[in-house]
Amino acid sequence: MKHIAVIGVGYVGLTTAACLAELGHHVTGVDMDEGKIVLLRRGDIPFSEPELPELVEQNVRAGRLNFTTSYQEAMQRADMAFICVGTPPTPSGHADMSQVEEAARQVALSATRSLIVVLKSTTPPGGNAERVADILARHLSPGINAPLVVNPEFLREGSAVYDTFHPDRAVIGAWDSAAAEAVAALYAPLRCPVLLTDPASAQLTKYASNAFLATKISFINEISRIAERVGANIHAIAQGMGFDERIGAEFLESGLGYGGSCFPKDVLALSAIAEQQGYYSQFLHAVTDINAGQRGLAVAKLGEVLGDLHGKAIGVLGLAFKSHTDDVRESPALSVISMLCQQGAVVRAYDPVATSTAQKVLPPHAALEYCADAYAAVRGCHAVLIATNWPEFRSLDWSRVHSSMAGNAVMDGRGLLSPDAMRGMGFEYLAFAN
Ligand SMILES: NC(=O)c1ccc[n+]([C@@H]2O[C@H](COP(=O)([O-])OP(=O)(O)OC[C@H]3O[C@@H](n4cnc5c(N)ncnc54)[C@H](O)[C@@H]3O)[C@@H](O)[C@H]2O)c1
Ligand SMILES: O=c1ccn([C@@H]2O[C@H](COP(=O)(O)OP(=O)(O)O[C@H]3O[C@H](CO)[C@@H](O)[C@H](O)[C@H]3O)[C@@H](O)[C@H]2O)c(=O)[nH]1
C-alpha cells in the first residue's frame, strides 16, 4: 500500500485517484479549483462519468480517498505524486505545459520526503520531461529526491473506470529504473503488458496512439466520400475491412468525425512537434483537415434537401463529443450548431447529460434553444441532425418523431439508424455514404 497524491482531479485525475484507492492505496486528490474540491468533499462528482460516483463514494467511505486544495496536506506522507493536470493547445497548436510545470513546482516545494513523481498528463517529447525533472530538482529541499516517471494515460471518457481497470498496456518511461519498477508494481494487479522505456519514447507512444486512432477515423471518412460517389455503403465497407485482423474493426465509424479533449489537440501537437524539428507532416495535416471537413459536409447535405437554411428549424440530437459523457470540448455537435445558426437556422438542441456544459461554452443565440428531451427538440422541425452517438437516439420512437416534425429530413451524423427502416417510415434519410 502506498500513499499517493494525485494532482488535478479532472477526468483523468479523479478516475486515477479513485481507481488507485480501490486497489488499496491511500490517495489524496489535490486541485487548485476550490469549487471542484467543495463538490467532491460534499460527495458530488464535478462531471458525468459512468461508475465513477459509486467508486469515489465507496473509497471516501473506506477512508482511502480524500480531497484538498492544499499541496502540503496531500504531500505530507506521499510516496508518489501523479500529475494529471491539463495540457491544452496553445494558439499555435503546441501543448501548453504551464499547468504541468506549476504542478511540478508545487509538488517539489511541498515535498517533505523523497518520492516518485509520475507524469500522467499528455506531454510532448523534445525537452518537456527534461524541463519538468529540472523544475523538480530546482525546487526540492536539500536531501530530497523526486525521480520523474512518464506514464501516459490511455483511458477513454465514457468508459474511464473500466479502461483504468482493464488497460491494454501500461507505458512507463524513466531514466531511473528503480522508480520505473515501483510504478510498474502499481499495475501488477491489473495484469496488463507493461512497457518499460525512456521518457521520450513513452511520450511519443501516447501521441502516436492517438494520431493512429484519429487516422483510422479520417481514413474511413475519406473512404466514405469516395463510397458516396460510387454508390457504395460505408458500413458494409467498414465491416468488411474490420474482419481483417491486421486492420481491426474499431474506430472505423464514419460520421461527423472526432472531437474531444484529446484527438484534435494531440494530432495538432504532434504536427507542431514535427515542425519544431524541421519536419512538416503532410499526413497529420490531412488527418486534421479531413476531420474538420465532415462537419461542413453534414450541414451542406441538409442545405441540399432544405434549400436555404434561413428560418428552418433543425433539431440537433447530442451536444457531447461522444456518448456517456458531458464533455463538450471540441465537440463536432457544437461546431455544427454554430454553422447552422450562422446560416440563419433555428436550432433546437438536446443531450441527455451535456446541456449545462454546452451552455457554458456556446455563446447564447436567439435562434438556439435547449430542450428537455429528444421529442421536444424534434417537434415542429424541418430536419433532425444526430450529432452524438447516444444509444437512446437509436431507440427513439421514430414514427412518433416523424409525425411531430414539420419536415421529414434526418441527417444521421453518427450512422446510428437503419437507412431502410427510416426510409420505410417516410423519412428523407441522409448520411455519409449509405
Ligand atoms: N480526458 C481524457 O480522456 C484524457 C485521457 C488520457 C489523457 N488525457 C490527458 O490527461 C491530462 C488531463 O486531462 P483531463 O481531461 O483530466 O483534464 P481536466 O481539465 O479535466 O482536469 C485537469 C485538472 O487539473 C486542475 N489543475 C490545473 N492546474 C493545476 C495545478 N497547478 N494544481 C492543481 N490542480 C491543477 C484543473 O483545475 C482541473 O481540475 C491532459 O494532459 C490530457 O491530454 C486526458
Ligand atoms: O470509429 C469512431 C470512433 C470514435 N469516433 C469519435 O472520436 C472521438 C474520440 O472518441 P474516443 O476515442 O472513444 O474518446 P476519447 O475519450 O477522446 O479517447 C481518446 O483520447 C484519449 C485521450 O488521449 C485516449 O486516452 C483514448 O485512448 C482515446 O481513445 C469522439 O468524438 C468519437 O465520436 C469516431 O468518429 N469514429
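Backbone N, Cα and C define each Cβ position, glycine as well.
What you see is a predicted model, and the numbers here were worked out from it, not measured in a lab.
Together with Phe154, Leu155, Arg156, Glu157, Lys206, Phe251, Leu252, Glu253, Ser254, Gly255, Gly259, the substrate site in TrEMBL holds one more listed residue from Lys2, Lys36, Lys322, Lys360, which is Lys322.
Lys36 (NAD(+) binding site) falls within a helix when secondary structure is assigned with DSSP. Secondary structure of the domain 'UDP-glucose/GDP-mannose dehydrogenase C-terminal' (315-419), assigned with DSSP and counted as helix (H, G, I), strand (E, B) and coil, comes to 35 helix, 19 strand, 51 coil. Residue density at Ser254 (substrate binding site): 27 other Cβ atoms are found within 10 A of its Cβ, drawing on all protein chains shown. Within the same chain, residues at least 6 positions away in sequence whose Cβ sits under 8 Å from that of Thr122 (NAD(+) binding site) are Thr87, Ala95, Pro152, Glu153, Lys206, Tyr207, Asn210, Cys262, Asp266, Ala269.
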